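Take a look at the structure below.
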Ligand SMILES: Cc1ncc(C[n+]2csc(CCOP(=O)(O)OP(=O)(O)O)c2C)c(N)n1
Ligand SMILES: CC(=O)[C@@H](O)[C@H](O)COP(=O)(O)O
Ligand SMILES: [Mg+2]
């Protein structure tokens, strides 16, 4: 039977077990070929081919619940559950999602994207099963990186105490996106070398059974057994936390893996199966550089060479990273923090230049935020580089620890706005709303990459509390870069184009759309003023008051959730001052989760387009001062 014929776990089970390694090979070839065109999370999936086959072969999905942590490694699961033919649409608009998605399949029992949720979800499912008197297995598959996340540890604390039947498969490839970090990671390294002890323990037990008790040799063996037991059982942290520990097992050896998982299925209470895999397994470029092949765009299969990305300027993240190095050269207070996104946040150069001042804390956004606070109390200038979507994890810490104590923490909010192919789990569209409501914080966003360097400079100079500079995923505008830094006055906007019919008040890179719209409107005889708002907090009150005096309709434009966002702030400003009668429209992201696709397609869907700005302006034309005068 070939891969093409396997469209369900039921079909897979019809395959003789000795043919699974061949199937694994076919799946790998399929992944390498398919992702070379669409891109996606290649290396994580190549590493779990055998593991996924074993799980679907042995367990009975969807009755048995298989939960994928992060979910970036669920492609093989998707292939085996009838979605192979959809792979040409992977991560594309209206196509197959890059993460588990309940609407796609009954086998996707939990949706993910953010890490370290699988154990809590598994515990919830196991508890529900027991309360309802049902009988099925619950299996959480979690990577060694995701295990460093606080949620996973909180869940282990609960699971180990409750003693419910539940299997945790720890997929240990020694990598997060970058090499995994931390004491837990070091500990897993030591466990991997314990392998021999388990074998020795089994051997001693075997001989003990054969010997008459009281025999002198048996007594000696008894003592050996005890010391081995100490190393194998009591020495293993997971055992101490209430789990039965099985492993480590080679995750690419089908027979060993199956045997270990079979044993896990038979064991009652929480079990942790420690599976050792290689990220990128079976594709040389990915094995050799799993960091680069963690998440990829299109590439040439033979060489692994990536296709060139189209884009006008350097990546915003790159400008952030290189500017921070320059700033840190002259400011020893600057410390960079990343919760496991060193490469994505382009902090590699910083880490190389200032190894002592760069902290990769693992997938630990909560800790990262409070750690930054701690540094700030001692006069350091922590720069927390964090994706907008992952800062959601550190929200309480942002409020309670950083903002409440008014600490000088710079928050570099990366991937702010629509992010494209990762889709709804990763959209950076909530941070304006969730940060704006917190006292003390300053929130700014540059219109282009040149302004980003000035904003970062401004942020590290700022000594009056927390300050966030948000910037989008992807390439900048291709503008010339100034060679000296300049301070941007806090709360001051910039007029980028004058006009007297309508005001387009744009936040961040939306300024470019507003300028394009203004150009188009000019051809229709409408004169649009374009303002680069720069700050969502504090607002430029002088500018807003001036606008209200002109009587022009105001259209706010932002790539963020409409509710509570920048536009809401403008509405609040006028309402608070009893300035009524103004025509104000907010162009922003509506109240639903925007799915995967290209950023262009997502913008089109939500109306963040030149056409929609123009259309909105047309709709308010009767309220324009000149038109009113004529009427
Ligand atoms: C809360 C959160 N922080 C950061 C990330 C970004 N991220 C995605 S995968 C990953 C590494 C996960 O490592 P691991 O669980 O070991 O999986 P592997 O890729 O090694 O298979 C990280 C940091 C995320 N998805 N969620
Ligand atoms: C699964 C996950 O969370 C990351 O791998 C994410 O896809 C990275 O996003 P960037 O490509 O924007 O760094
Ligand atoms: Mg890993």
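Quick reminder: no glycine exception, Cβ is built from N, Cα and C everywhere.
Among the candidates 157, 161, 173, the residue that TrEMBL names alongside 72, 113, 114, 115, 145, 146, 283, 365 for the thiamine diphosphate site is 173. Taken in sequence order, the binding-site residues 72, 114, 144, 145, 173, 365 that lie near ligand 3, meaning a CB under 6 Å from one of its atoms, are 144, 145, 173.
Looking at the domain 'Transketolase-like pyrimidine-binding' (314-479) alone, the prediction's average pLDDT is 98. With a cut-off of 6 Å between Cβ and the nearest atom of ligand 2, the binding-site residues 72, 114, 144, 145, 173, 365 reduce to 72.
When Cβ neighbours within 10 Å are tallied across all protein chains shown, the highest count among the binding-site residues 144, 365 belongs to 365. Residue annotation for thiamine diphosphate gives 72, 113, 114, 115, 145, 146, 173, 283, 365. The furthest Cα pair among them is separated by 32 Å.
Ranking the binding-site residues 72, 114 by other CB atoms within 10 A of the CB puts 114 at the bottom.
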